[in-house]
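Novice: Sharing a structure here in structure tokens format.
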Ligand SMILES: Nc1ncnc2c1ncn2[C@@H]1O[C@H](COP(=O)(O)OP(=O)(O)OP(=O)(O)O)[C@@H](O)[C@H]1O
């Protein structure tokens with residue numbers, strides 16, 4: 001496969017995520033303490049054991065009962081402390097990961113939908129689940145361990161120097177070399193770690209796409225082709241994982257070799273010390289254990305750091321989402337919700353990409369109680385007007401106001417109470433139909449849901465269901481027909497009571513009589529509501545009070561449907577049934 005997935009490096013990403021620990025100071029202190037006690041208990045057990053052996057070798061053995069009691073107690077302490085350390089470090093890690101997951105979710109909602117650009121659903125899911133899970137290693141097994149390993153290394157070195165000054169002179173440089181090895185090899189670790197994370201994200205995104213598109217893949221006989229694609233992606237991930245494992249294995253072998261060489265050197269120093277009379281025979285086992293106490297933490301640190309490439313790559317991907325710019329910033333001082341009034345597009349300019357303007361000075365008004373049809377050829381900019389009215393993006397120039405209030409001055413909750421939409425592709429969640437209708441107002445009473453369903457002409461259908469509105473909607477509304485889904489979307493929008501309603505090609509997939517019924521139902525509830533319809537059908541245009549015709553990102557004509565028809569405003573645009 002040629003499209004090899006990549007991760008863009010973001011210097012400092014890992015460092016920016018570390019303060020996430022600050023939210024759990026008690027858990028971090030507990031982890032640090034448990035680690036320190038665990039390391040020191042291990043060191044004490046090893047040194048005590050070695051001292052007992054040393055005394056035995058020197059011909060002054062400690063009574064067996066005392067040896068058993070001392071070593072037994074130390075082993076019990078180390079066992080309990082190891083369990084304690086595992087518990088507190090994972091407790092800390094999972095708390096921090098939960099916080100990060102919330103931050104990632106907040107970031108997605110902050111930048112969605114306008115700022116998500118070409119990001120794929122599966123890629124976002126990988127960040128929220130797998131990349132964050134990868135950081136478990138950092139928070140549970142790295143930070144506290146690095147700090148306590150340093151303490152044990154310093155304590156071990158001091159004790160070793162006290163027993164034999166030659167010992168640290170041999171093992172300390174080796175310990176430093178072992179510790180810096182992963183740092184020296186970090187470029188390889190970063191490259192391989194990035195490839196693993198990127199390949200994981202690409203495979204997840206493809207699997208999500210495949211599951212979402214199973215119907216199309218089945219109908220068009222493309223299942224086998226898709227299977228081959230996923231197999232290639234899986235091989236790509238496998239290759240990345242094997243290369244990363246080979247690199248990590250090589251690093252481990254290198255570190256082990258350095259530790260072993262340093263261990264042999266320490267042994268030679270101890271033997272020489274005993275032969276030269278510098279070291280008492282009884283102290284020799286203790287000296288060897290202390291050499292291990294210096295090398296042990298160093299190799300532990302090195303082995304922890306060999307995962308740094310994967311950690312950095314996961315951190316890069318999380319950081320990219322957390323630091324993504326906000327496409328529509330919240331107002332510093334929000335204006336009160338307008339509660340209704342004229343919807344005004346005032347000389348609005350906008351483009352998705354630099355130097356590619358889509359709207360070039362669009363101006364029109366939708367008054368309360370009025371239905372305005374937005375008409376234009378495909379690609380003219382109708383949906384873009386809707387995206388701006390829903391504030392998925394802000395205009396690059398000009399402004400959009402409701403009741404005289406610029407949309408940019410409304411906080412998000414007020415904006416959602418002011419402008420609502422019946423989209424073309426209705427997304428239903430797997431809860432009940434009533435839950436889906438309540439999406440914008442979770443606290444709505446049953447009677448209000450029923451009234452909204454009534455207004456959307458959904459009641460007759462609901463009455464045929466075993467549990468009426470409490471019947472599950474199925475995965476993405478699979479248990480409902482297209483018309484029924486559209487009616488649920490209308491009920492959902494009406495329940496919000498928003499004074500501005502956008503119908504985004506809501507009727508595009510419906511047959512003419514269903515569309516007419518639905519339009520009449522929406523009309524009957526309009527009162528003072530301003531309604532903007534993206535109209536593709538002549539019947540929809542004819543029902544509107546006024547029409548705004550857009551061409552090339554500009555309003556080229558406005559008037560009643562009759563006026564525009566007489567002027568032949570859309571004669572070049574439409575077939576007898578559809579416009580645009
Ligand atoms: N997310 C996007 N990124 C880049 N360009 C976009 C994006 N969305 C739309 N466009 C471009 O903006 C222009 C206007 O698109 P828009 O969807 O507003 O047209 P439309 O009038 O609603 O068309 P249609 O009737 O076919 O739905 C098109 O050229 C389209 O390719």
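Yeah, the Cβs are placed from backbone N, Cα and C, and that goes for glycine too.
Feature list, courtesy of TrEMBL:
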type     : residues : note
DOMAIN   : 32-310   : domain 'ABC transmembrane type-1'
DOMAIN   : 343-577  : domain 'ABC transporter'
TRANSMEM : 36-58    : transmembrane segment
TRANSMEM : 64-84    : transmembrane segment
TRANSMEM : 138-160  : transmembrane segment
TRANSMEM : 166-185  : transmembrane segment
TRANSMEM : 248-271  : transmembrane segment
TRANSMEM : 283-305  : transmembrane segment
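Walk me through where these features lie, including what they touch and how far apart they are.
Specialist: Long-range contacts of the transmembrane segment (36-58) within the same chain, counting only residues at least 6 positions beyond its ends with a Cβ under 8 Å from a Cβ of the stretch, are 67, 70-71, 74-75, 77-78, 81-82, 84-85, 148-149, 151-152, 155-156, 159, 280-286, 288-290, 292-293, 297.
Long-range contacts of the transmembrane segment (138-160) within the same chain: residues 14, 17-18, 20-21, 28, 31-32, 35-36, 38-40, 43, 47, 89-90, 92-93, 96-97, 167-168, 171-172, 175, 287, 290-291, 293-294, 296-298, 300-301, 304-305, 307, 311, each at least 6 residues beyond the stretch ends and with a Cβ under 8 Å from a Cβ of the stretch.
Taking Cβ pairs closer than 8 Å, the transmembrane segment (166-185) reaches residues 153, 157, 160, 247, 251, 254-255, 258-259, 261-262, 265-266, 269-270, 272-273, 278, 287, 290-291, 294-295, 297-299, 301-302, 305-306, 308 in its own chain, all 6 or more past its ends.
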Novice: Go through the chain and flag residues at least 6 beyond the ends of the transmembrane segment (64-84) whose CB is under 8 A from any CB in it; none is fine as an answer.
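Specialist: Residues 34, 37-38, 41-42, 44-45, 48-49, 52.
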Novice: Which residues, given as numbers and ranges, are at least 6 beyond the ends of the transmembrane segment (283-305) yet have a Cβ under 8 Å from it?
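Specialist: Counting only partners 6 or more residues beyond its ends, the transmembrane segment (283-305) has Cβ contacts under 8 Å with 39, 43, 46-47, 49-51, 53-54, 57, 137, 141-142, 145-146, 148-150, 152-153, 155-157, 159-160, 163-164, 167-168, 170-172, 174-176, 178-179, 181-183, 251-252, 255-256, 258-259, 262-263, 266-267, 269-270, 273-274.
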Novice: Tell me, what is the mean pLDDT of the domain 'ABC transporter' (343-577)?
Specialist: 87
